[in-house]
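Right, one structure below, let's go through it.
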Amino acid sequence: MESPSCIQDEPFPHPLEPEPSAPAQPGATKPGDKRFRLWYVGGSCLDRRTTLPMLPWLMAEIRRRSQKPDAGGCGAPAAREVILVLSAPFLRCVPAPGAGVGGGAGSGAVQPNTGVFIFEHKAQHISRFIHNSHDLTYFAYLIKAQPDDPESQMACHVFRATDPNQVPDVISSIRQLSKAAMKEDSKPSKDNEDAFYNSQKFEVLYCGRVIVTHKKAPSSLIDDCKDKFSLHEQQRLKLQGERGGDPGDEMGVLEVESPVSPDDSLPEKADGTVNSPRALPSLASLPALASQPALASSRVCFPERILEDCGFDEQQEFRSRCSSVTGVMQKKVHENNQKTQPRRRHASAPSHVQPSDSEKNRTMLFQVGRFEINLISPDTKSVVLEKNFKDISSCSQGIKHVDHFGFICRESPEPGLSQYICYVFQCANESLVDEVMLTLKQAFSTAAALQSAKTQIKLCETCPMHSLHKLCERIEGLYPPRAKLVIQRHLSSLTDNEQADIFERVQKMKPISDQEENELVILHLRQLCEAKQRTHVHIGEGPAIISNSTIPENVTSGGRFKLDVLKNKAKRSLTSSLENIFSRGANRMRGRLGSMDSFERANSLASEKDFSPGDSPPGTPPASPLSSAWHAFPEEDSDSPQFRRRAHTFSHPPSSSRRKLNLQDGKAHGLRSPLLRQSSSEQCSIVPSARRMYKESNSSCSLPSLHTSFSAPSFTAPSFLKSFYQNSGRLSPQYENEIRQDTASESSDGEGRKRTSSTCSNESLNAGGTPVTPRRVSWRQRIFLRVASPVNKSPSAMQQQKDGLDRTELLPLSPLSPTMEEEPLIIFLSGDEDTEKVEEKKKSKELKSLWKKAIHQQILLLRMEKENQKLEEARRDELQSRKVKLDYEEVGTCQKEILIAWDKKLLNCRTKIRCDMEDIHTSLKEGVPKSRRGEIWQFLALQYRLRHRLPNKHQPPDTSYKELLKQLTAQQHAILVDLGRTFPTHPYFSVQLGAGQLSLFNLLKAYSLLDKEVGYCQGISFVAGVLLLHMSEEQAFEMLKFLMYDLGFRKQYRPDMMSLQIQMYQLSRLLHDYHRELYNHLEENEISPSLYAAPWFLTLFASQFPLGFVARVFDIIFLQGTEVIFKVALSLLSSQEALIMECENFENIVEFLKSTLPDMNTTEMEKIITQVFEMDISKQLHAYEVEYHVLQDELLESSYACEDNESLEKLERANNQLKRQNMDLLEKLQVAHAKIQALESNLETLLTRETKMKALIRTLEQDKMAYQKTVEQIRKLLPADALANCELLLKDLTHPTNDKAKAGNKP
């Protein structure tokens, strides 16, 4: 048979010329299709509980059935020769011409009829490829039987190639076809647009996050979080002020270190209290990002991690979204995430509150999809947060801060550890928050309804299919003899009848190798597990939920299976105790074998005894082969409490397929478990750090290291030890000869067998191929090692160990345990002189320092290489982005002389020198290079500003672009809706919420915040889009301000649209004066300019015309201003006047103006641009504007002249009534004035009398004071008796006077 190959653009098979004038057939291959001659082995539908580890065995079963069709009574057909035709987007399996079933190659001269095929399906529906490690010519792929039905089963198709080198070619070709088909499907379609518009998007301001203890939020949680964020911001500003506002100092002040004690990292409850250590004991091991701020580090990795102090977990993966961000952006984000900064602790920074950085752009797009929430950063053009609805427990809105809301979700900073995080956001106003909450509620309800409709695959710990999954995981990558041992251990957990049944079936098929026997056993095990799974009762499910017809069978089978589980546990405990006894025999046997290599393998096999098939299932069992979880092998982790995971310090990270060979507990093996110090990868030597040493029988080699890792494929254990612990623990007879051969070879060769390690090279191990491990030696053994070890060691190996190992002192001549770190081989190599030891120690220190220096230099080199790669990738991305932006056909050609002229002019742009406008006009007329168009626009804007100074009252607000992006806009809904409508076919803007749309959102949002009067109006998005295609965001923002304010385009976007009405009148007058027939034709059909010309003015022709033409129009607009639009419109209408006149009705004319008119060729566009340069209508436009205002005033005046008589009479009657009212009011006013005058005269009289009385009172007071002085003097002169008599006399005189007065008052 001919060697397989991929023949392109030629018919298959064999390189023959295609038949001339072959008739076209429905299924005929097209030029460019790829065809491969293969053998179709067969296919099979998979059980929904089939996982990835089971697939190789299923593939082997299909292959075996094709080789032996009658085996197992399956009656499967033999393999047939086929042609795999890759015709986009289909993958078609066609029978090979002239080849019978199971036959050889047929006639190669026959053209294959691709219209008749065995099966076909779309390439993008293929989900996974499977290789056969035992036979590289076999491969398979998985595909859904019904791609449109998510509940459909998976199908597996197996093929065989005649050459192993053909398999990668076939797979890569299918993958390329699949990618091309997926890319074609991802193009904007109606369904995609509907999905895009159905997902609600809101602009929010990210405030921060707080760790909470419960998944349900109290009503005041959002307000409490907001208060804490405000407090943190005040502290930050205060500290920044104390440091003098130095950004570098601020960085250090706000950094926080990991808490010293576990209690410091406890999260805070919603009410402000801190949990007790008992509430969350596992939080003590949380990383810094989960418990305290790390503000400086977040400044570096902010694009991926939106949190200022700590971002998301590094293990969190961002899915590649075709509608959100490119893979390059995500790669940059992930690389930025790897950067870290040193941290310092500050006492005032809270450890549980994680606010965002107010100095960064915290505005995000909050997208609510069907099943997830996405937080997209328009600043970094990436998805910074993605949460599924199943991880969100509650949403709430602020009470005091009504414009804030948040949600609580579950996160896992470490495997097996989960916590609840509350993310807080702010919206522009309260109504927007209400809309967000309503959208979330509806989305949750819809997702719950859709999820409940799906059939969930249930798995529990006792599921038969789950036990099969664990077994396939356990034997994956093992050699057939060792896998056979694991399978036999699993079979021992079955009942006696099941074991006997499987044994009989396997023996009937007469396997000839261990691999074939394993495949047969797995086949029957899978059939047994599928049968048991049908009647299996999951844990927690009672028989009450089962129908009456199946209750007896299910109950008995469920009870039987639970009984089997208990039996298995008892068997495992008994087996482990027996194996502990057998292991002692293995220890004695090691002395007889005299080889540490075999002992190491025996220990590695003994470590397999702890692997139990009854491990607990994962929390979320795999639902399908595509989503099946790859769990760590049970061999990788030790359940013993004395072992703990060590840090990897080797030169490359550990792979998931590594195994650790661990010695077991001392009670089981008669050994102690020493604690070993981790060795470095550079020296590749394992130095002991424990004081305990093993006491073993005489051997020429030391024990293997406890924590030496070996990759699974490189493990080569001797065959006689692979069944050492099988059944009774005795060696099987078939391996006795191998034992003798191994013993003889190892006794003759002192080095033994060398094993390759996956973590270090052979030179890093000792001469025997095993790492050095401490053991207890007596003084006799020490003397023996001094004498015997050099015989078995080569000088090179001794010298290598002497140079590479650290020195320790000699063991004391005593059987007691040593008092310091010791190692037998090092002791032997050590000298007796103290001076030699000191020198060697110094030498070891120097080596360590040299190694450290080399490591640091290597790290720096790697970092520099990474930075260079990033810079190179950034340059490539920039070039690619620029290429995508400028992907349009340019109108006109630009000569080399024009490029040189423009380069000279752009130099003046930097120096701000005025240039001759006639020269600029001439150069612009000759052409503009597409690559320098953005710079030329900036140059033209600068020249305009140098000649025209905008008044201060018309100047835009002086706010920077970055500051505007930090704010929230009220125009977000209108902007977000128009993103998908702006240049929907251009590759830069076609990606939904891609880099182009997010840049456009930023630009439109910034201008809406800058110009409060205009805000956002439809049409500005196209103008901004054209600017973004030729320059960066900030430059486009400056040019947009120039167009709006300096050139005056913002007038036509005002809410009253007055300027647009004037422009429509001016265009009508131009048509009336210069193209009267066309004007009359349009008027007869009632077609006003606002019907077809409004988009031309609002979008500057960008919404309907080709980008090359629009770019040339923008060239002239930057030079001449708004009148260019009238010139272009007039030229367009005049050039197509004859065709417009041929349209007879309203519909035809409108269709022509909207569809046919923009579809021009390059020649017509160049002609129009030339006419625009030669046209001058500025005077006419000014005259028409004045005319419009005059007509508007006349219209207002004429409205007053047309008032009728009734209105006049009403006004006269109203006037007479008002006159009478005025007269009455005047009379009342006169009376009031007279009263006021009388009151004023009375007031004057009273004031005069008051003044007189005050003067009289003052006189009387003076007299009183004089009399009082006289009385005092008289009292001093008279004696006391005379004075008393005088007082009595005065009383008497006073009483009669009073009596008379009273009598006078009586009537």
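Here the Cβ of each residue, glycine as well, is placed from N, Cα and C on the backbone.
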Which candidate in Ser230, Ser348, Ser492, Ser1207 appears in Swiss-Prot with the annotation phosphoserine?
Ser348
Annotation omega-N-methylarginine in Swiss-Prot: match it to one of Arg49, Arg584, Arg981, please.
Arg584
Based on what Swiss-Prot says, identify which of Ser127, Ser173, Ser598 is the phosphoserine one.
Ser598
Annotation phosphoserine per Swiss-Prot: which of the candidates Ser577, Ser604, Ser849 has it?
Ser577
If you draw a 10 Å sphere around the Cβ of Lys484 (N6-acetyllysine), how many other Cβ atoms fall inside it, taking every protein chain shown into account?
20
